[in-house]
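Annotated in Swiss-Prot:
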BINDING   502, 508, 548, 552  [4Fe-4S] cluster binding site
BINDING   552  siroheme binding site
TRANSIT   1-62  transit peptide
């Protein structure tokens, strides 16, 4: 199968330093609506002018026959088409004196790793700034880059760094006049923002723990290789931000070979973007790599999930591949939905880059480009089904996928606290509330990272791991971190340890209610409910909050997800599990934040009373069913007086306790509840002048 790409073209080049690609009678990549986009081949080559280091794209094409019906396509597709490979008009807009950029440039700058924002707390004129997002495969951040990002936050941002759910930094509050300085500084200090946003492959996730284990190291190497394979090649990023200066990178030969291979019609021949072409992908594309049991990356929420499969000796042999996950949706549109990835097949380790490329090309050729709400890979999977998707992808792969190998149960792993890496060094995972590095915490991190020359890794749960620590440094590092409020996990409320929120207000343009600023109070209220209904301090529930339905903090995988649905209002989602393998469902369509207790108190009370042994809240809600849960809420009249717990501690020998616990479980109670009943009955009998048998 050969990819085709082209159109009748008029190009203004001559002496124009910013040539504009004008394509008429556009027909394009295949879509699920059966329209054809870019149906004729476009032969593109690059030419360089000594007076202008920026790449100039020239093209020739056979005149095309006008299409009978112009296929519908989104406005963003037109912006991409006319952009000279994501350059124009951004390269002009960043040079003028306006504080903002125009609509086309606003879409294009996403490919460069930035979003234009404004402070929504302010009234009157808009105060524009830009958010920059880095790209760090597997969350790896060299010492030098961390220190530079820390400096840039103070010099050009709002004084904070935001750790994201895709293992990257976000730097907020950069003014347009400072964009080029900030971007070029990141580029020249071992960093990049290229492809952190936009319609292309985003940051590739991998377990952040720097274990010196074969499977973990292989997963990280694979994430790096996939990221390199799918990095844009046309040079637009460096043309805009460092005036075309070449940045030398060393790519493994297997990456170069896989990218250039066109034996199965995956590439655009002679194009500066052999995989993406001028139109790139229909929408964002997310990939994660991990090892068996380690679901720290939320593997099933990605467009592609890749799992290392090893033999009995621990030697990596190949990969299970899962496809079609994604979180984003639109309120009150049932045709949009979150979705879990499903098994595609197994490939030997030497084929992984070709398999990933084949999946990406299948989405490129068939994903919808007319309506961006339905452009993610998950909608193609839902439309086609896995069998058709597998069959089409195999044509680009050139082989049959083998059945997925059986894997053990998944676990969520945070890697907080101190751990041995396995090479003689230690690493320390630090909890950062909502990923916001600021104040004393920021200062403490800077001090230890700079003093001990530490590299770091960012986690998919908005936390940070300090790497390469010698045993002798453990105590002084722990002391400095504690002074900055970075405590060991045993000193942090368990509810906070797994909670996540997106930034939302005041800077996110999509937010419709609070998330990061609202979650501290919500967690305190949940903790208070726990205390009222008798849940232990050590018990927890995975809580995730977003300010809109796009799902950046992955609320649809939470045991309790709050999804912004209006000012101070949320949808309530229930049914995710602690190991992130089940999709939550909508329990309440709209709930004012002040009414949270009316819903959560009866749910947590009945969870404590009716749960099975070690049953999580998510598993409990799934077992009960939403109809029964709705009854709990509707009939709730408050915590029964008999369930109130006063400061009474009971002690028993082990044999008595175990017998009591076994008896209590039969009666759907815990040992303490049964003991209280025994005491209550004894007291009542004494008051009535009766003796106990």
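Yeah, the Cβs are placed from backbone N, Cα and C, and that goes for glycine too.
Locations of recorded Swiss-Prot features on the structure.
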residue: 502; record: [4Fe-4S] cluster binding site; DSSP (3 states): coil
residue: 508; record: [4Fe-4S] cluster binding site; DSSP (3 states): coil
residue: 548; record: [4Fe-4S] cluster binding site; DSSP (3 states): coil
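Remark: of the binding-site residues 502, 552, the most isolated position is 552 (fewest other Cβ atoms within 10 Å of its Cβ). Taking all protein chains in view, 22 other C-beta atoms sit within 10 angstroms of the C-beta of residue 548 ([4Fe-4S] cluster binding site). A C-beta separation below 8 Å, combined with a sequence spacing of at least six in one chain, links residue 508 ([4Fe-4S] cluster binding site) to 117, 502, 547, 548.
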